[in-house]
Amino acid sequence: MAIVKKKKVSTTPKSTPKENGLKRKLEVEDAQEAETPKVAKKTPKKKPLKKQNGTVATPVVEVVATPSSENGPKKKKKKVVKKVKLFEEEEKAPKQKAQLIDEDDDEEEFNIGNLDIQGDDDDDDDLRDDYSDDDEDEDNLPIEKKSAALDKKKEKMLKEGEEELQLNIANQEKFELPTVEDIEAEMKSAPNLEIVRQRIADVIQVLGDFKARRDPNKSRLQYVEVLQKDLCSQFGYNEFLMAKFMDLFPNGAELLQFLEANDNPRPVTIRANSLKVKRRDLAKNLINRGMNVDPAAEWTKVGLVVYDSQVPVGATPEYLAGHYMIQGLNSLLPVMALAPQPGDRVLDMCSAPGGKTSHIASLMKNSGVLFANDANFDRCRAIIGNLHRLGVNNTVVCNLGGEEFGKIRPNGFDRILLDAPCSGTGVIWKDQSVKTSKDSQDVQRRHTMQRQLILSAMDALDANSPNGGYLVYSTCSVLVEENEAVVNFLLERRHCELVPTGLTIGVDGYTRFRDYRFHSSLSMTKRYYPHVHNIDGFFVAKIKKLSNAKMSKQEVLEKEREKQENKKKSQAEEDSSDDKKKPAKKAGKKSKEDSDSEDDDGTAPFKNVGSGARANKKRRNQKKVQAKQDSLKEDDGFNTVGNIKKARKVKEFKARVPKRAAARTGAKAVKNKRKKMLAKQQ
């Protein structure tokens, strides 16, 4: 069937609203084309449409008159429109209908007024309005055009939001800082916590951008004083402790997190006793008992965290059998840093109530010797009870002051754990009285005691131990005066050095803090905070003893230098004296000195038995005693083995009676006694 083309010069008859809209759009485009020079384009050849059930769609060409410009004549534009006749067969095949609609070229437009396609006319109009017919967008797919439109809309929304934010900041009221006197007057009455909390947030915001937000008439010190007063009233601390925490956490947001974490309890954790049970088996038993437990952390192999329990954690059959110990995760850290080996001599200087002691014993596999000491006798009873329950049998419990071990047992231990008494600023959630009871004098007393204990512990350590010589110092405090300052004091007084703790978690210690300047190796120490690690505040340092000398590293180096110089001088004097002496030995004869040297070596032949041999032996012993005394006098602490002079035995009087005479006298007396007894019997 041939394609019929109809040319219409006049306007078309009444059409639908969609056709009117298309015509208006074409008229506007024709007017734009009239202004620009027209380029001749080759119209593509139209392919005849495929037959569908004996029918053919006939395209119709319409010529629409367009108004010409003022200078030029009227121009006509051909508009190719495909009018597809729909038959009953085409309605059954909607896919073929869509193919007929999509089979046009880029320059052709469809008149779909006769098609009955479901959809909203408004959406089609929006699409026509959104996408222009520029040459740049002709090659883009509809989804790309839609994406570009969404991007533009998003950029516009972001721009409007930024403008609104700047407008809000400009219109925001400036924070007016109250005076310290006003706050003190407010604290005398019941303060409004909401107002105090809002003022804390405002002051922290001002201090975060002080140059832009400050009041020109107020200094930074005034803002800090107001913040300190508000924090004390909000959280219940005294001013001394709050000032320490503000120095420790200069960032206001982190300070608030720390103070809030101190009020929240830590999760209940237990340690599986590896001497009796494995952690996996213990977890199964506790779950069957009605407890919800999980492994505590990746860095521990024996810790379990208890979320909830239907039975008391400290009254289960497993607890009474010694399968686990209720213990915080922070107390596992110093024992892991100490890393005791089987067969070592270990001292736990402040061991109550025995959690760390039993952990050390489990790592030693009940071998070696472990000393558990505590200065409080009542707490020693708790140590004994826990050790019996947990099956520890290599431990000696003693009740002594920690300062005594450096005197009574110098250089007597391979490894020492010192969990020193402290102010307890890392475990405030356990004891809320710490907030108000601690002051500068209390911290100074603790600081002095800790220095005495750490010096005694270092003196009791043996530097010549084959696999030991390590001291682990730990506290449950976050104050610098009780942690880095104490370790730095030890480094200045004894010949030792800091070594890595071997712990995978923790914040590095301070090397400089406000007015303090510490040794650079203190960065190897570890700090733990409740708001960062979700455990109690803690501090761990591991120290290795380099020599048994009771002096600092600098003094030891000076002593070694002097010793080397003295050796060089003595060697030079000996060489000069040997050159002056002349050899006076004859062949075949031995001098007295040579015979003495042979005697000293123990190679002299014992041919002459009698007074000569005894004299040689006596001479050798005298020389050994003299050499020992000289070594003790020249000893600088490096070669000391802990020798103690033995007291001389008291000489007892013995009668010098010949053995034969004593034997005769004894035999005669026995015979006489027998004779008398026989006479009485007869």
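Cβ coordinates are placed from backbone N, Cα and C, and glycine is handled just like the others.
If you look up TrEMBL, you'll see 1-60, 89-140, 551-682 marked as region 'Disordered'. What TrEMBL records for 16-28, 552-572 is compositional bias 'Basic and acidic residues'. Residues annotated as compositional bias 'Basic residues' in TrEMBL: 39-50, 615-626, 670-682. For 101-110, 118-140, the entry in TrEMBL reads compositional bias 'Acidic residues'. According to TrEMBL, the domain 'SAM-dependent MTase RsmB/NOP-type' annotation covers 258-546. Here TrEMBL flags Cys350, Ser351, Ala352, Pro353, Gly354, Gly355, Lys356, Asp374, Asp419 as S-adenosyl-L-methionine binding site. Per TrEMBL, active site, nucleophile is recorded for Cys476.
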Rounded Cα-Cα span from the residue listed as 'active site, nucleophile' to Ala352 (S-adenosyl-L-methionine binding site), Å: 14
Identify which of the binding-site residues Gly354, Asp419 has its Cβ surrounded by the largest number of other Cβ atoms within 10 Å, counting every protein chain shown. Gly354
The number of other Cβ atoms within 10 Å of the Cβ of Ala352 (S-adenosyl-L-methionine binding site), counted over all protein chains shown, is 22
Only counting partners 6 or more residues apart, tell me which same-chain residues put their Cβ under 8 Å from the Cβ of Cys350 (S-adenosyl-L-methionine binding site). Asn373, Asp374, Ala375, Gly402, Leu418, Asp419, Ala420, Pro421, Leu453
In Å, rounded, how far does the Cα of Lys356 (S-adenosyl-L-methionine binding site) sit from the Cα of the residue listed as 'active site, nucleophile'? 14
Please list, in sequence order, every residue of the chain apart from Cys350, Ser351, Ala352, Pro353, Gly354, Gly355, Lys356, Asp374, Asp419 whose Cβ lies within 8 Å of the Cβ centroid of the S-adenosyl-L-methionine site. Asp348, Thr357, Ala372, Arg379, Ile383
How big is the gap, in Å, between the Cα of Gly354 (S-adenosyl-L-methionine binding site) and that of Cys476 (active site, nucleophile), rounded to a whole number? 16
Have a look around Cys476 (active site, nucleophile) and count the other CB atoms within 10 A of its CB, chains all included. 23
S-adenosyl-L-methionine binding residues Cys350, Ser351, Ala352, Pro353, Gly354, Gly355, Lys356, Asp374, Asp419: largest Cα-Cα distance, in Å and rounded to whole number: 13
Count up the helix, strand and coil residues in the compositional bias 'Basic residues' (615-626) according to DSSP, in that order. 12 helix, 0 strand, 0 coil
Including all protein chains displayed, how many Cβ atoms other than that of Lys356 (S-adenosyl-L-methionine binding site) lie within 10 Å of its Cβ? 26
